[in-house]
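Q: Submitted below is the structure of interest, expressed as structure tokens.
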Amino acid sequence: MGTALVYHEDMTATRLLWDDPECEIERPERLTAALDRLRQRGLEQRCLRLSAREASEEELGLVHSPEYVSLVRETQVLGKEELQALSGQFDAIYFHPSTFHCARLAAGAGLQLVDAVLTGAVQNGLALVRPPGHHGQRAAANGFCVFNNVAIAAAHAKQKHGLHRILVVDWDVHHGQGIQYLFEDDPSVLYFSWHRYEHGRFWPFLRESDADAVGRGQGLGFTVNLPWNQVGMGNADYVAAFLHLLLPLAFEFDPELVLVSAGFDSAIGDPEGQMQATPECFAHLTQLLQVLAGGRVCAVLEGGYHLESLAESVCMTVQTLLGDPAPPLSGPMAPCQSALESIQSARAAQAPHWKSLQQQDVTAVPMSPSSHSPEGRPPPLLPGGPVCKAAASAPSSLLDQPCLCPAPSVRTAVALTTPDITLVLPPDVIQQEASALREETEAWARPHESLAREEALTALGKLLYLLDGMLDGQVNSGIAATPASAAAATLDVAVRRGLSHGAQRLLCVALGQLDRPPDLAHDGRSLWLNIRGKEAAALSMFHVSTPLPVMTGGFLSCILGLVLPLAYGFQPDLVLVALGPGHGLQGPHAALLAAMLRGLAGGRVLALLEENSTPQLAGILARVLNGEAPPSLGPSSVASPEDVQALMYLRGQLEPQWKMLQCHPHLVA
């Protein structure tokens with residue numbers, strides 16, 4: 001359905017009119033730099049461009065008091081000295097004669113985006129706005145924010161569109177206390193915020209930014225705070241937070257809409273955040289969110305003050321919303337001790353309210369020794385202090401050379417053994433008819449008796465041709481079919497062909513009667529995960545087997561708690577998903593697995609289906625590999641005790657080697 005980009009050039013008008021070192025970083029170039037980069041990359045042209053409208057005062061009143069709206073309206077006629085005096089009554093705020101107009105446009109852009117997504121005009125989108133909004137409170141401007149754009153959008157989605165479950169993900173580096181205050185007693189809005197906290201020593205210096213602030217009244221458990229107590233958090237820390245905290249709760253909540261307070265001051269190079277996450281990380285975060293709410297994701301710009309980092313991160317977010325695969329992540333995939341402490345503390349605080357966490361080890365852990373915030377306003381961290389120096393020395397090369405992988409000419413191809421006239425594919429998914437050379441196909445088939453039959457040989461030839469197209473960069477992802485009797489042999493050939501023709505690290509996720517070939521080299525180049533094995537077993541660091549969970553909750557726990565952490569730790573450049581005889585997966589479960597694995601290997605995922613599964617699975621897998629959202633799994637269910645036991649056993653065996661499995665700090669060396 002497409003991606004919307006909502007913007008209005010008038011939002012560059014508001015600016016600081018006096019000297020204020022605290023506020024000078026919020027400047028018009030934040031918008032123009034991001035928009036210019038989108039145009040340079042050809043991304044704006046691929047979006048449905050919407051010109052932002054002003055929010056009405058009635059719409060602003062969904063979250064703000066009439067008196068506050070009136071106060072901001074009156075700034076249009078104030079002089080410089082009066083504006084400065086009024087600004088001084090708030091924390092980290094400046095007003096300009098155009099602020100009221102710009103802030104109404106910013107709020108209106110979020111409303112337009114929500115309307116476009118919820119009416120089906122587009123699938124998702126980004127609103128490029130300023131001033132930002134997530135610190136804005138019912139009767140107060142705060143932290144560069146005038147009207148709370150995302151909160152207004154959430155209230156509008158409830159009132160106008162009748163939504164009952166809205167997820168707000170705030171990945172800005174500052175705590176969006178404005179959103180928290182507005183919805184802390186509302187169970188229809190699940191608010192997640194990670195933020196630089198430093199045990200209360202970082203702005204906005206609030207006790208209620210800590211992990212144990214979980215909402216109140218009926219909203220208990222619907223506020224999720226993840227406080228970062230050190231600077232320098234990187235890609236592994238952010239992905240671990242999603243896998244071990246946000247996504248388990250989000251799947252249980254089952255949102256109808258995802259709103260993102262998309263602040264990019266949490267990216268590398270930003271002077272406010274001093275974090276290490278590269279722009280590509282936001283592509284992965286976006287893609288992980290797109291498996292929720294039928295892909296209805298609305299991102300609204302918040303912070304971001306390093307123009308290069310901001311522009312790159314915006315581009316990564318938009319190209320992922322457009323359905324492009326996420327580029328590979330850089331750096332070691334091992335969360336740091338401080339991140340694990342914060343994640344586990346948040347899990348422990350949330351466990352009483354969420355079934356998905358109650359079956360796991362979520363005991364609270366003591367924080368690393370530090371000076372916790374005293375009563376009153378604590379002293380800020382000094383920029384030259386030892387805690388800040390690591391982030392200040394962030395490698396600029398990560399921004400100087402952004403990951404610009406050329407897109408394959410074909411996003412998704414399907415190679416079936418026989419044409420299926422009932423198969424409905426997206427218009428840009430091609431049905432491949434070509435095959436590898438007969439002599440080459442026979443050579444690969446020769447060691448396998450099950451590949452001697454003509455039907456199996458034909459299927460193998462089509463698979464080899466498709467796989468070569470993926471390895472050569474002509475095709476991004478694909479689906480191939482094979483006779484059930486030849487499924488194991490065909491998978492064996494696919495693995496060996498991939499490793500011998502360019503893949504350096506191959507991840508194979510095999511379901512059903514598909515055992516790892518005993519003579520496959522144990523050289524660390526392949527990671528084999530067998531789901532539907534006879535028992536949970538870590539046969540080696542690179543060979544893991546687990547039974548297929550019987551409940552949807554167990555399946556989600558397996559994907560989020562085992563498969564994806566292993567996959568992100570391994571960082572493959574080719575993923576094979578094989579559904580063999582007796583695989584036991586229903587269409588929505590297979591689609592979710594493929595959609596979430598698509599975040600790996602630059603989206604280079606090949607799904608191998610045994611023929612009996614092809615009619616019901618080929619279409620749905622083609623859609624998710626092509627960038628569409630998977631269907632909902634329906635109402636959440638808990639994992640069975642047997643599934644929980646298998647998962648905990650495997651995590652215990654594998655955590656020392658695979659750091660992304662960890663969500664408890666005592667395991668860090």
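Cβ coordinates come from backbone N, Cα and C, glycine included.
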Q: Since Swiss-Prot lists D172, H174 for Zn(2+), which candidate among D36, D265, D270, D324 does it give for that site as well?
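A: Record check against Swiss-Prot: Zn(2+) site with D172, H174, extra candidate from D36, D265, D270, D324 is D265.
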Q: In Swiss-Prot, which of these is labelled phosphoserine: S98, S261, S393?
A: S393
Q: Would you please say which range out of 21-24, 53-56, 341-344 has the annotation motif 'Substrate specificity' in Swiss-Prot?
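A: Going through 21-24, 53-56, 341-344 one by one, Swiss-Prot gives motif 'Substrate specificity' for 21-24.
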Q: So of all those recorded positions, D172, H174, D265, E272, which one's Cα sits nearest to D20 (substrate binding site)?
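A: That would be E272, nearest by Cα distance.
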Q: I'd like the Cβ neighbour count for D265 (Zn(2+) binding site), meaning other Cβ atoms within 10 Å of its Cβ, all protein chains included.
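A: By my count, 26.
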Q: Are there residues of the same chain, six or more positions away from Y305 (substrate binding site), whose CB falls under 8 angstroms from its CB, and which are they?
A: I25, E26, R30, D265, D270, P271, E272
Q: Given the Zn(2+) site residues D172, H174, D265, which other residues of that chain have a Cβ within 8 Å of the mean position of their Cβ atoms, reported in sequence order?
A: H134, V173, H195, R196, G263, S266, E272, G273, E302, G303, G304
Q: In the structure shown, which of the recorded positions D20, D172, E272 has the fewest Cβ neighbours within 10 Å?
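A: Ranked by other Cβ atoms within 10 Å, the recorded positions D20, D172, E272 bottom out at D20.
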Q: List, in sequence order, the same-chain residues at least six positions removed whose CB sits under 8 Å from that of H174 (Zn(2+) binding site)?
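A: Long-range Cβ contacts: H134, H135, G143, H195, R196, W203, P204, G263, D265, E272, G303.
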